[in-house]
Ligand code: ATP
Ligand code: MG
């Protein structure tokens with residue numbers, strides 16, 4: 001019978017890869033905690049209308065990427081394509097936004113029916129960060145400072161660059177949209193197919209078209225910058241100043257408009273050149289209108305989401321995976337002969353008490369000296385501890401380095417933890 005396989009674009013994350021995932025996740029968790037962000041966990045499925053009303057009917061996501069289905073009651077449900085909508089829904093539903101500020105984050109799988117390719121999948125994972133109730137550019141700056149710290153802690157250094165833009169108030173965008181449509185309408189036939197369609201549905205998205213012909217027409221098109229309202233302009237100027245003082249380098253990219261309806265004022269992306277076309281590792285912006293649009297009181301909001309697959313791909317591609325994220329084992333404790341089994345389990349237990357954070361694997365299942373040492377070697381551990389008849393008699397243990405040519409030595413069991421602690425620290 002043919003074996004059943006995973007769904008295209010939905011990946012298994014295998015045991016060799018999970019240490020790197022855990023490194024990225026725990027680093028993010030630690031950094032977010034340092035800034036006082038609190039974790040929130042939402043369901044993976046929401047009512048379809050939530051996404052239609054928040055992301056917007058004429059966006060790529062809602063038009064063609066959502067996994068939407070009818071459940072047994074005939075309700076239209078959707079696997080979440082992103083986290084902001086669900087986060088706002090949950091925060092509103094539980095009164096988290098009333099007269100207060102909130103700094104929230106979440107992580108988990110997202111689902112989009114896109115063409116699978118490197119850095120683009122149908123189930124992928126994001127860490128999302130959202131901040132509610134703060135109006136000024138200081139919080140926009142904080143989010144960008146936080147992300148810069150995260151790249152540092154991940155060892156990414158300067159491999160991600162920041163692009164920012166302001167897309168103004170909705171009134172300003174509306175006026176600009178009119179001017180853009182008037183201008184591009186004259187050249188409709190010369191636009192690429194997607195852009196022709198977007199001229200009627202979502203003309204701002206034409207600004208980030210990759211088509212050379214369309215790009216050429218755009219050089220003389222009206223500029224969003226010239227239509228910005230005074231408040232958005234002031235907000236953007238202040239943000240730039242705050243970033244300058246914080247020492248966060250950025251470029252202003254006037255073509256950056258983001259694909260979702262709910263953004264306004266600040267938008268930003270962290271981009272790398274090392275992943276080809278899927279170079280955006282983190283994206284977000286301000287969305288002051290969304291809470292009200294979903295039935296709540298007007299609430300300032302700003303946030304971003306980063307794609308974990310792309311971050312992990314980047315660390316891998318650049319060879320920046322730290323040792324701790326590569327190794328699944330530190331010490332492998334063998335037991336030679338029936339009599340050694342219980343003492344070896346006890347010795348391993350003692351090592352776990354003493355060697356905080358270290359991975360101690362007990363050999364289970366018996367076998368010859370040779371086969372146990374082979375398994376010790378394959379485990380990735382740096383040291384094998386050998387317990388046999390002689391060692392039991394003398395309350396010692398054999399200690400054998402597995403990644404050098406050094407020979408085996410004999411250590412008193414009472415000294416073993418201290419000796420290993422020192423050896424592993426090198
Ligand atoms: P893109 O322009 O690459 O399609 P997007 O604007 O659709 O990205 P967002 O909705 O802003 O992406 O999601 C935030 C981040 O999530 C992206 O910057 C990216 O890192 C990641 N991401 C988005 N879609 C996918 C996907 N299909 N597979 C893997 N990661 C993704
Ligand atoms: Mg997309």
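The backbone N, Cα and C atoms fix where each Cβ goes, glycine too.
Annotated features in TrEMBL:
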- 1-343: domain 'Aminoacyl-transfer RNA synthetases class-II family profile' (DOMAIN)
- 82, 83, 84, 112, 126, 130, 258, 262, 263: L-histidine binding site (BINDING)
Filter the binding-site residues 82, 84, 126 down to those with CB closer than 6 A to an atom of ligand 1; keep them in sequence order.
82, 126
Which of the three DSSP states, helix, strand or coil, fits residue 126 (L-histidine binding site)?
strand
Measure between the Cα atoms of every pair in 82, 83, 84, 112, 126, 130, 258, 262, 263, the residues the record assigns to L-histidine, and report the largest value in Å, rounded to a whole number.
21
Set of same-chain residues at least 6 away whose C-beta sits under 8 angstroms from residue 82 (L-histidine binding site)
55, 61, 110, 126, 128, 260, 305
PLDDT averaged over every residue in the domain 'Aminoacyl-transfer RNA synthetases class-II family profile' (1-343):
95
Under DSSP, is residue 84 (L-histidine binding site) helix, strand or coil?
helix
Across all the protein chains here, work out how many other Cβ atoms are within 10 Å of the Cβ of residue 263 (L-histidine binding site).
23
Under 8 Å by Cβ from residue 258 (L-histidine binding site), counting only residues of that chain that are 6 or more apart:
167, 267, 283, 285
Measuring CB to CB from residue 84 (L-histidine binding site), give everything in the same chain under 8 Å that is also at least six residues away in sequence.
54, 128, 130, 262, 287, 290, 303, 305
On the three-state reduction of DSSP, what should I expect for residue 263 (L-histidine binding site)?
coil
